[in-house]
Amino acid sequence: MVSTSIPEVKALRSSVSDYGNYDIIVRHYNYTGKLNIGAEKDHGIKLTSVVFILICCFIILENIFVLLTIWKTKKFHRPMYYFIGNLALSDLLAGVAYTANLLLSGATTYKLTPAQWFLREGSMFVALSASVFSLLAIAIERYITMLKMKLHNGSNSSRSFLLISACWVISLILGGLPIMGWNCISSLSSCSTVLPLYHKHYILFCTTVFTLLLLSIVILYCRIYSLVRTRSRRLTFRKNISKASRSSEKSLALLKTVIIVLSVFIACWAPLFILLLLDVGCKAKTCDILYKAEYFLVLAVLNSGTNPIIYTLTNKEMRRAFIRIVSCCKCPNGDSAGKFKRPIIPGMEFSRSKSDNSSHPQKDDGDNPETIMSSGNVNSSS
């Protein structure tokens with residue numbers, strides 16, 4: 001019993017000590033052929049890195065304003081907007097993580113311990129994973145809303161927080177797997193070229209997970225569009241011409257929205273997925289395209305910059321609130337603050353009070369789930 005446990009203890013100590021060994025980074029980068037490429041960066045940050053950092057700064061600023069817009073506007077304190085806020089937070093963190101990644105790259109890489117390297121890369125995985133899982137959570141929430149044809153039920157908030165919590169827990173686990181042991185520190189032949197301390201099986205696993213997420217998002221949005229089309233046909237069958245016409249317009253708007261959402265997501269992420277699959281299949285130093293991974297990664301990060309535009313600024317009410325927040329930041333005076341406290345849309349408070357006192361509040365078009373699904377993805381439910 002003792003004889004079998006001693007080697008295990010030695011192996012554990014060796015594994016733990018490897019996380020603080022600076023030579024491991026050099027050894028793995030040399031094996032994958034990235035050592036000479038990294039040496040070219042000794043003289044400072046490359047121009048492309050500066051451009052990427054500027055893009056990240058824009059992404060960070062953009063998502064900060066989205067969070068401020070949701071926080072400052074009480075009518076956006078609703079379950080659907082919690083998902084938009086969570087998406088903005090994950091996109092903001094993706095911008096921060098990639099900026100830190102760029103600043104700690106190049107010659108600085110060889111000054112990192114494996115543990116620090118895992119934290120540098122793992123933070124990127126966590127932020128980008130949270131962003132993708134947030135997109136899935138938004139699609140799930142919209143699909144459930146369309147099925148129930150209700151926006152205001154008691155379970156919405158708890159379901160929202162449950163989905164948001166699941167996004168972050170799964171993302172943290174996914175990003176933390178390498179530092180917890182799923183790496184190639186003790187197996188050079190299994191190392192990724194793009195990420196030299198990551199095991200190829202882990203890269204394949206992550207690519208598979210993200211591909212399944214993409215397919216799930218595609219299926220959910222197609223189902224949402226199908227539900228809206230079915231409702232439109234029912235109205236036509238009942239010869240309710242005015243409602244059928246409005247529903248058809250919403251269906252068309254929803255179709256455009258779905259195409260934009262899925263096209264942008266695929267355009268940003270598909271190149272990186274393909275690159276990672278090549279990474280799994282190629283032997284070390286055989287695929288030159290793998291040494292250009294930063295261009296594929298920044299494209300995925302760009303998705304964090306397009307999300308606020310697609311999910312926030314295409315909504316008229318959120319766009320007006322967003323512009324008002326930006327205006328307040330540009331002109332921080334008493335008048336601006338006073339203006340912000342007024343209704344975002346003239347007459348909104350008056351019309352809402354009448355609706356609240358009405359015996360049929362559901363007939364307000366703003367409460368129609370179809371409105372939320374069309375016209376810029378998310379419209380106010382009030």
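The backbone N, Cα and C atoms fix where each Cβ goes, glycine too.
Bear in mind that the values here come from a model prediction, so they are computed numbers and not experimental data.
The record in Swiss-Prot lists a disulphide bond between Cys287 and one of Cys268, Cys282, namely Cys282. According to Swiss-Prot, the listed position annotated as phosphoserine out of Ser157, Ser336, Ser351, Ser375 is Ser351. Membrane topology of Asn36 relative to Ser190, as recorded in Swiss-Prot: same side. Within the list Lys10, Lys75, Lys111, the entry that Swiss-Prot describes as N6-acetyllysine is Lys10.
DSSP gives Cys184 (disulfide bond) a coil state; it is part of no helix or strand.
If one looks beyond the transmembrane segment (197-224) by at least 6 residues along the same chain, the residues whose Cβ comes under 8 Å of a Cβ in the stretch are 24-25, 28, 114, 117-118, 121, 125, 129, 132-133, 135-136, 139-140, 142-143, 146, 174, 177-178, 182-185, 187, 190-191, 254, 258, 261-262, 265-266, 269, 273, 276-277, 279-280, 373. The transmembrane segment (161-182) makes no contact with the transmembrane segment (290-310): fewer than 3 of their CB pairs lie within 8 A, with pairs spaced 6 or more apart in sequence.
Among the stretches 47-68, 83-104, 258-278, the one making the largest number of Cβ pairs under 8 Å with the transmembrane segment (117-138) is 83-104. In this structure, the C-alpha atom of Cys282 (disulfide bond) lies 53 angstrom from that of Cys328 (S-palmitoyl cysteine).
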